[in-house]
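According to TrEMBL:
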type: BINDING; residues: Gly89, Gln90, Thr91, Gly92, Ser93, Gly94, Lys95, Thr96; note: ATP binding site
type: COILED; residues: 501-632; note: coiled coil
type: COMPBIAS; residues: 656-667; note: compositional bias 'Basic and acidic residues'
type: COMPBIAS; residues: 670-683; note: compositional bias 'Polar residues'
type: DOMAIN; residues: 10-369; note: domain 'Kinesin motor'
type: REGION; residues: 656-683; note: region 'Disordered'
Amino acid sequence: MTMEHGEDCCVKVAVHARPLIGDEKLQGCKDCVTVVPGKPQVQIGTHSFTFDHVYGSSGTPSTAMFDECVAPLVEGLFQGYNATVLAYGQTGSGKTYTMGTACKEGTHVGIIPRAMAALFDKIEKLKNQVDFQLRVSFIEILKEEVRDLLDPATVAAGKVENGNGHAGKLSVPGKPPVQIREGSNGVITLSGSTEVHVTTQKEMTTCLEQGSLSRATGSTNMNNQSSRSHAIFTITLEQMRKADPIMASDGMPIEEMNDDYLCAKLHLVDLAGSERAKRTGSDGLRFKEGVHINRGLLALGNVISALGDEKKRKEGAHVPYRDSKLTRLLQDSLGGNSKTVMIACISPADINAEETLNTLKYANRARNIQNKPIVNRNPIADEMKRMRQQLEYLQAELVLARGGGVGSDDVQGLRERISWLEHTNEDLCRELYGLRNHVHSDPCEPELHKTVSGYTKGEGLKRSLQSTEPFDVLMTDSVREGNPKDIDDEVAKEWEHTMLQDSLGKELNELNKQLEKKESEMKGYGHDTVALKQHFGKKLMELEEEKRAVQKERDRLLAEVESLNADGQTHKVRDAQLQKLKTFEAQILELKKKQESQVQLLKEKQKSDEAAKKLQEEIHFIKSQKVQLQHKIKQEAEQFRQWKASREKELLQLRKEGRRNEYERHKLQALTQRQKLGSSKED
Ligand code: ADP
Ligand code: MG
């Protein structure tokens, strides 16, 4: 899972003081707990404690507890934060009442049922934008054994036996016990416990009820329904954002979920009674259970001490999570990745004063624990993020491949035009050669006529020639009669134009080739450089974290070895520890090497980034040159066209003049004839 640091936050501690209950009143107990009005402060005897909240016994009304302590945690689930609510206190202090673990319809609504309601309310609001998956598990730790309260076999057995009026029995033969596992990422999971997929609040409530039925209960002196086990009801909320951007029904975007996938767990823990074993007043089996209960709570106390002591925490002191199943399971909730609330339940009765004081002291220490809740994503979300980045990059590359904003159609059109112009140039060139030869060496009329008529490709020229056809004779005459110097000029001009177009075309070809080469080179750098950089950066950070973790573990071992030395323990144990130490040293070295190689890779990446940038600039330069050249070719062709047109006009003028001349000649001839006739008449 990817982890992102959220704000540091302490474990919040609230006190829930219940009123005196029937038995206590009957025994004539007195209320020995005072709540300072308007302050979250509890006084018992000469002791005074301040908490985050105090509920009941004239503190804040208990009804505010859910909104102030638990509702924010339920909200946090939707942002990917794990959460834990712990109920602590002696048997009969109201833990089960507070949590609502033994949920019965029509009775007081505890934290668990209210959390469910809040959860489903929110899901209902978001279900159009987000896909939700809910799972629940319900386990119990009794005598250091984890029991699955939702195991279908247990549930069935519990039902049947309950039907017979007996309490649900314990283990189901043949079923492997539930194991606590720690993944490579440090996440604690239970293997072998049932996770029930639920879609409605009703289904979730059924799970809670069935689990509660299976829960082992027995009687002690203190409470005939007292629980000697820790019960953990866990809700897992998975969220997958739907394809479209998240919008609320009013059209406003919902900001709560910025990720595609989030997963968070809410642990609701009803701890076993915190009273000391001697107070259970029982011996034999029951007493043994008492000792076992204390093992979990003792370990919890030690964990709280280790985490709550700022000095110890700064020194990186060992936290004994592994001393009990309970603390292992709650590892993430205490000093780890969870927002945690502890509710210390107390009885106000004077006969419980000693236990109440113990509870308040215990709870007070828990306030110093700093948690570091982080958003839980999963690798799928990371992969999706990466793929989205790649998609963006590919889209950008596609635009680039199309010629930096010029559409591929444009490029194709330009290419066709260029090749057409090149062909035209070639033909013109050939034509001019022919013309020049005829004009200079053998200006023979019929052949010149044939050559010019045979011309097909120079469109402008062809048109002008067609228009002259009725004046064929005149035209050839006028050409022949034209000033030889003019003809020379014309041929020279056309020749110059052809050569220029030819060389410009070649230049353009050259540029195109260069551009192609550079662009294919550029493809060699075809990676999302930003994504790659981020990837390397992240890798480095991960390695650093891993290194630190290994170093920490090594230091811890070192300390252990030292203490073993001091204790004069057997060589065997010490050697084994030393061996472990060596492997850690080797691991650290390995990690350092990895880190260095990553740094090297990062450097190389930077270099290649620079090269790619340079190449990109070159491509840009070539493109601008190309545009200039194309412009030049067009301009030159246009100039030539204009010159040609004016030349044709001149020719036309000449032809007209030729006809007039002929007409004049005829006229003159006629006149002369007439004059001749006239003079003969006179004769
Ligand atoms: P625990 O789980 O700590 O052993 P319970 O929740 O079973 O204690 O509570 C013991 C008794 O006290 C129950 O009968 C319960 O109904 C009663 N009780 C606990 N808390 C309250 C409260 N806040 N208001 C009224 N009754 C309560
Ligand atoms: Mg209880």
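The backbone N, Cα and C atoms fix where each Cβ goes, glycine too.
Checking the binding-site residues Gln90, Gly92, Ser93, Lys95 against ligand 1 with a 6 Å cutoff on the Cβ atom leaves Gly92, Ser93, Lys95, in sequence order. The 6 Å Cβ screen around ligand 2 retains Lys95, Thr96 from the binding-site residues Gly89, Thr91, Ser93, Gly94, Lys95, Thr96, ordered by sequence position.
Packing around Lys95 (ATP binding site) is summarised by its Cβ count: 29 other Cβ atoms lie within 10 angstroms of its Cβ, all protein chains included. Under the DSSP three-state reduction, Thr96 (ATP binding site) is assigned to helix. The binding-site residues considered are Gly92, Gly94; of these, Gly94 has the fewest other C-beta atoms within 10 angstroms of its C-beta.
Listed in sequence order, Arg18, Gly273, Cys345, Ile346, Ser347, Asn352, Glu355, Thr356, Thr359 are the same-chain residues six or more apart from Ser93 (ATP binding site) with CB atoms under 8 A from its CB. For the domain 'Kinesin motor' (10-369), the mean pLDDT of the prediction comes to 81.
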